[in-house]
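Engineer: Below is one structure. I have some questions about it.
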Amino acid sequence: MTDITTVSCPTCGKTVIWGEISPFRPFCCKRCQLIDLGEWAAEEKRIPSEGDLSDSDDWSEEQR
């Protein structure tokens, strides 16, 4: 017997079965998937960082 893994939709909170039966996982539907994409595109969501990364943070090319 296999255990069914379920997760909550990050947009609306509905229970979603994690498997082939749920093509939009972890979202419950295409609508919730597009809402989440829109939030990322509008920069309403972001990955936390430890400050502003600028050219002075060892990312720039070395000066000769």
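A Cβ is built for glycine as well, from the same backbone N, Cα and C atoms used for every other residue.
Note that the coordinates shown come from a computational prediction; the quantities given were computed from them, not determined experimentally.
Taken from TrEMBL, the feature Zn(2+) binding site covers CYS9, CYS12, CYS28, CYS32.
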Engineer: Can you list, in sequence order, the residues of the same chain other than CYS9, CYS12, CYS28, CYS32 whose CB lies within 8 Å of the CB centroid of the Zn(2+) site?
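Structural biologist: Other same-chain residues near the Zn(2+) site: PRO10, THR11, GLY13, LYS14, VAL16, PHE27, CYS29, ARG31.
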Engineer: Only counting partners 6 or more residues apart, tell me which same-chain residues put their Cβ under 8 Å from the Cβ of CYS28 (Zn(2+) binding site).
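Structural biologist: Listed in sequence order, they are CYS9, THR11, CYS12, LYS14, THR15, VAL16, SER22.
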Engineer: Any idea what DSSP makes of CYS32 (Zn(2+) binding site), helix, strand or coil?
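Structural biologist: Going by the DSSP assignment, CYS32 (Zn(2+) binding site) falls within a helical segment, counted as helix.
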Engineer: Counting only residues 6+ apart in the same chain, whose Cβ is under 8 Å from the Cβ of CYS32 (Zn(2+) binding site)?
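Structural biologist: Expected: CYS9, PRO10, THR11, CYS12, PHE24.
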Engineer: Among CYS9, CYS12, the binding-site residues in question, whose Cβ has the most other Cβ atoms within 10 Å in this structure?
Structural biologist: CYS9
